[in-house]
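Per Swiss-Prot, these features apply:
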BINDING   Gly97, Ile98, Gly99, Glu100, Gly101, Ala102, Val193, Lys194, Leu195, Arg196  CDP binding site
BINDING   Thr124, Asn126  Mg(2+) binding site
BINDING   Thr180, Glu188  FMN binding site
REGION    1-87  region 'H-T-H motif-like'
REGION    88-212  region 'Riboflavin kinase'
Amino acid sequence: MKMKTLFLLIKLAKMGAIGKEITVTMRELSRELDVSPQTVLRWLEELKEQGYIHKRESRKGTLVELTEKGINLLEKLYEEISTALYSGFIVGEVISGIGEGAYYVRQYAPLIREYLGFDPYPGTLNVRVLFPKTIFDALCTARPIIIPGFTRNGRTFGDVRAYRVRIDGIEGAIVIPSRTVHPPKIAEIIAPVKLRDALNLKDGDKVRIEVV
């Protein structure tokens, strides 16, 4: 299948042509795809001939619906793209934090030792996620380790979700507090060592984080 006709098939699916017929006009599709109406008509005929859509004319206009073959193609494409994009790693850029990491790591240190099996360095490595779109896209298939919250000196500390990761062979964990102030583009990483020193990192350096 040509890439351009694939884009048209995706467009038809987004317009609702799965499980029902929809009315389309060549003029509307030509604007959406930035091609001539004649080109859209030719692509529709190609999709019909290849068995990806049903197409017929009516008084209302051109009616189209994806066939089972067309739906299966998009499902397969989605699976392949998801595997490529969300395969358990993060590419990011080292940034400076807001200075609260050391305090919180010290408070949770006994529980981190119990649930993750290492004594954490009192601080976090902050990484701005460049790929995939958000930290949650990379972690969507990983199972978190829940570090339970607690109360100390009248102050409540909430649950923390931890995901085991590896950076250049060093084991650590991405931690996501239930009361985080960070946007989904920021990953906070704890480890048994100071990662900036161990990996000779500075702000702006690129890192690859493997979810394990």
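Don't overthink the numbers, they just go from 1 along the chain as shown.
Using the three backbone atoms N, Cα and C, a Cβ is placed for every residue, glycine included.
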Rounded Cα distance, in Å, between Gly97 (CDP binding site) and Asn126 (Mg(2+) binding site) is 6
Looking at the binding-site residues Gly97, Gly99, Gly101, the one with the fewest other Cβ atoms inside 10 Å is Gly99
If you tally other C-beta atoms within 10 angstroms for each of the binding-site residues Thr124, Asn126, the top scorer is Thr124
For Val193 (CDP binding site), the number of neighbouring Cβ atoms whose distance to its own Cβ is within 10 Å equals 14
So Glu188 (FMN binding site), by the Cβ count within 10 Å over all chains shown, scores 23
Same-chain residues at least 6 apart in sequence with Cβ under 8 Å of the Cβ of Leu195 (CDP binding site), in sequence order, are Tyr121, Leu125, Ile167, Ile170, Gly172, Ile189, Leu201
On average, residues of the region 'H-T-H motif-like' (1-87) score a pLDDT of 93
Smallest Cα-Cα separation from Thr124 (Mg(2+) binding site) among the binding-site residues Gly99, Glu188, Val193 is shown by Glu188
Quick note, Gly99 (CDP binding site) and Glu188 (FMN binding site): C-alpha atoms separated, nearest Å, by 12
For Asn126 (Mg(2+) binding site), the spatially nearest of the binding-site residues Gly101, Glu188, Val193, using Cα atoms, is Glu188
